[in-house]
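Presented below is the structure to which this report refers.
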Amino acid sequence: MAHLNGVRMVGVRSVWLVSLLCLGYLWFLFGIAWMPSNKLYQQGLVVFLWLPALAAVVVMGKPLLQSWQHNKVFLGLVLMLLVWAAFSVTWTAAEEPLKEIKRVLYVGLFLALFLVLGAVRPSFVWKGLGLGFVALALSCPVSFYLFYVHDMNPIQARLLGVGEAGHPILGAYVMALALLWGVQFMPHTALARVAWGALIIFLMMFVALGQSRGAMLALGLSALSMPLWSGGRVAWLVALVTSVLAVIGAVMFMPFILERGLSFRPEIFASSVQMILQHPWLGLGIGSEYRVFTYNFPEGFDHSHNAFTHAAIELGLPGLLLWVGLWGAAFRVALRERRTWEGRILLSSLLVSFVASQFDAASLWGSPRAEWFVTWLPIGLAVALATQRACTSPDQLRASC
């Protein structure tokens, strides 16, 4: 109890610090769509997230260290990946190695945010996703109006969202994540459910109009698998509605979807493997620019369209093993807690993000952007849930938290 009171006293002394972290968390979720410029989005993260997270690591060092002791494998993988990425600047071809170290620090501080909130304000981590669902869903009709009405694009054109969700593929993944969060926060009253359903429809329309096959696949697999790991009428209803919408969407957009073929993904993967074999142990180093050439697209691609092969190209097989281990640890946390509300949110987020990592996400160390929603955000949620469970278990873990 002394330890528990100690953490509570730390929370009281640092109430403004924790409040800033909560605001930074919401800034990250809301700002991806609502900030008018990337510069303002990044500046807000500095004020509300990076600096408070750094201060929290110093002020709350003791309780965070105790949380570490009960999640050594998971957090150890996080630390080893960050250290290996930072160490790779010694052989990187990046023009500004110190800038790459700063980006690694940003990732570390972002994950520290979830470590702190998981120990002090765990409920806010998950409620923040519910608020994020509302904010992102409300941005959808704005995107529809600006893209199709104001800019007069044809309905066949791939939707570009507002703000940093303006990428047709990554923006669709962000909205797919928000949709699955919203399903887990379904209200109880009839009127509220009608409003909630409208927000969900907005997000479905965004994903469909973005015409991202990866996002559709990720959303479909997550929704269809819900009855397997969740159960209940809501899960079966979501799976049924998803099946119906998938058929309707296939009929409406199949010509446009098939027109793009496989977008060179098999060829890109094969060429990426060859690049990995050229530098298997160390990789090219963090931040190194490279191009993936294929026989049918000689101009080449500026990334591997796969987060796992990208990790191996930059950080070698050690980096790949650490990245795979990190995802395995995150899925282990989610599967262990799949019967809980938080576990279902985490598992659905991981499923969408894992699919995104296979086809479209291939930037691990860039500044916060839409890709962070399918790379570091799910890992952060897993860190928060693992910390939360360590601090609420009935044995000596309770005493340490």
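For all residues, glycine too, the Cβ spot is worked out from N, Cα and C.
Predicted automatically and left uncurated, TrEMBL annotations should be read as such.
Here is what TrEMBL records for this protein:
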- 12-34: transmembrane segment (TRANSMEM)
- 40-61: transmembrane segment (TRANSMEM)
- 73-92: transmembrane segment (TRANSMEM)
- 104-121: transmembrane segment (TRANSMEM)
- 128-148: transmembrane segment (TRANSMEM)
- 168-187: transmembrane segment (TRANSMEM)
- 194-214: transmembrane segment (TRANSMEM)
- 199-324: domain 'O-antigen ligase-related' (DOMAIN)
- 234-256: transmembrane segment (TRANSMEM)
- 307-333: transmembrane segment (TRANSMEM)
Selection from 40-61, 104-121, 168-187, 194-214, 307-333, the stretch that has most Cβ pairs under 8 A to the transmembrane segment (73-92): 307-333
Residue numbers, six or more beyond the limits of the transmembrane segment (307-333), whose CB comes under 8 Å of its CB atoms: 73-74, 77-78, 80-81, 84-85, 88, 269, 272-273, 275-276, 279-288, 290, 343, 346-347, 350, 354, 356-358, 361-365, 375, 378-379, 382, 385-386, 389
Long-range environment of the transmembrane segment (40-61) - Cβ separation under 8 angstroms, sequence gap at least 6: 10, 13-14, 17-18, 20-21, 23-25, 27-28, 31-32, 106, 109-110, 112-113, 116, 119-120, 163-164, 367-368
Beyond the flanks of the transmembrane segment (12-34) by at least 6 residues, Cβ under 8 Å: 40-41, 44-45, 47-50, 52-53, 55-56, 59-60, 113, 116-117, 120-121, 124-125, 128-129, 131-132, 135-136, 139, 161-165, 174, 368-370, 372-373
